[in-house]
Amino acid sequence: MRGRQAVGDAAVSTYKRVASKDVEGDYANEGRLQGLGREGGNPPWSKSLPHIVVATIASFLFGYHLGVVNDTLESISIDLGFSGNTMAEGLVVSMSLGGAFLGSLFSGSIADYFGRRRSFQMCSLPLIVGASMSATTSSLAGMLTGRFLVGLGMGLGPAVAALYVAEVSPTYVRGTFGSFTQIATCLGLMGSFVIGIPAKDSKDWWRVCFWVSVIPAALLALSMELCAESPHWLFKKGRSAEAEVEFERLLGGLHVKSAIAELSKSDRGDEADTVKFSELFYGRHYKVVFIGSVLFALQQLSGINAVFYFSSSVFKSAGVPPDTANMFVAVVNLSGSCTATILMDKLGRKLLLLGSFLGMAMSLALQIIAACSFVSREMSVYLSVGGVLLVVLTFSLGAGPVPSLLLSEMFPNRIRAKAMAWCMAVHWGVNFFVGLLFLQLLEQLGPKLLYTFFATCCLIGFVFVKRNVLETKGKSLQEIELALLPA
């Protein structure tokens, strides 16, 4: 690994030494321009912040729709006439996962063809239509159709948000801005829990819960008209003049030429968008796509969604009402995500991932001990509750926010959208099977063996990150690309 790291560092170093050579046309004086950018210091983060905030609305909606059926499912099943039908209830919850899988699978092609801004607006459409259908339906079929449409938007939005945030953020705050998407997801979950509280006492309140989500979806579509397009996408399409204009909006005029000059080192700007999905699995791109796929698979195999699912019964055994338990877990999740925002550009992505996977393994060990026969009933409750909260906290510090940011940084501009789409599809696929099989495996294997499996996956994640992941903190997207990809 040290050898590979040395090669990567040498590539970055070489890139810096030859930055004033081999660039044609307007960017021949790249070295001088980069010097000018350094004299001006870092670009102001305040210029790109409003664009980032608008993009994170997609992540907020993602979190909201994940949690909106949590407190409303009972009321929905009674009103629509399928109460007691566990299969129908499961479909209402999981139908959005099927839509999200398809949405994420096609998100790369959509983002590459229409651009990042238009992709956000296209993401808003199924979110608005699907939520409206869910809010007005009088049948199970209407609810399932609405949930599927919402899922399409859920799959498309976060993938495009990860791309957009990485491409419009200044290098020195890209980690901080990247973790905003995780915070927005947590806020969406908390929002759905708060709004869903009256659902058990008010007959049609669940319809209000779906109608509420239409407002941020419409706000996302309208606000994107005022936001900058990704300069990376514009340059990739050969629209260099427009890319300069957007860089000026995002970084300030002093940094435009140096940003364009650096971008030109890894992307010629005249390359036709002919990348195919098959190119992700062989040749020079195979390694980074493999790393991304495994990272997202390990994120889900860590058992975090199973822990979320099982947390209500754990807290119930401790005498905590489900509503209070859900809110408590959401607050811990949000606290960890906010802490990750502070640490992302200080400690780096790799260290946060290593600490997160190791911390989750140790937290799951508490769950394993709690399931042992030699532990008293009272101690078992304390260990279970503490284990759940620690798993959520350690996940939110690294394994939650880091992978989507890290991969959007690692993937080269030419394949970034489609590679992210593939990795997000892996995420949703593994997520679906973990959710589908968790209760069955819990019944057949018991909590000790199942949590041992999850803890083992976390330890595998620790080793995998240590051996394969390159630290991207403080590096431009072009430096990362040159360090990771062979010539």
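Cβ atoms here come from the backbone N, Cα and C positions, even for glycine.
According to TrEMBL:
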| type | residues | note |
| --- | --- | --- |
| TRANSMEM | 48-67 | transmembrane segment |
| DOMAIN | 51-473 | domain 'Major facilitator superfamily (MFS) profile' |
| TRANSMEM | 87-111 | transmembrane segment |
| TRANSMEM | 148-165 | transmembrane segment |
| TRANSMEM | 177-199 | transmembrane segment |
| TRANSMEM | 288-310 | transmembrane segment |
| TRANSMEM | 325-344 | transmembrane segment |
| TRANSMEM | 351-376 | transmembrane segment |
| TRANSMEM | 382-407 | transmembrane segment |
| TRANSMEM | 419-442 | transmembrane segment |
| TRANSMEM | 448-465 | transmembrane segment |
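Counting residues 6+ beyond its ends, the transmembrane segment (288-310) has Cβ neighbours under 8 Å at 280-281, 329, 357, 360, 364, 388, 391-392, 395, 399-400, 403, 406-407, 410-412, 415, 419-420, 422-424, 426-427, 430-431, 434-435, 438, 442, 450-451, 453-454, 457-458, 460-461, 464-465, 468-469, 484-485 in the same chain. Long-range Cβ contacts of the transmembrane segment (351-376) within its own chain (Cβ-Cβ under 8 Å, at least 6 residues beyond either end) map to 298, 302-304, 340, 343-344, 383-384, 386-388, 390-391, 393-395, 397-400, 402-403, 406, 446-448, 451-452, 454-456, 458-459, 461-462, 465-466, 469, 471. Beyond the ends of the transmembrane segment (448-465), by six or more residues, the same chain brings 294-295, 298-299, 301-303, 306, 350, 353-354, 357-358, 360-361, 364-365, 367-368, 371-372, 399, 438, 441-442 to within a C-beta distance below 8 angstroms of the stretch. Away from its own ends, the transmembrane segment (325-344) comes close to residues 67, 70-71, 175-176, 178-180, 182-183, 185-187, 189-190, 193-194, 308, 311-312, 314-316, 352, 388-389, 392-398, 400-402, 405, 473 of its chain (Cβ-Cβ under 8 Å, at least six residues beyond either end).
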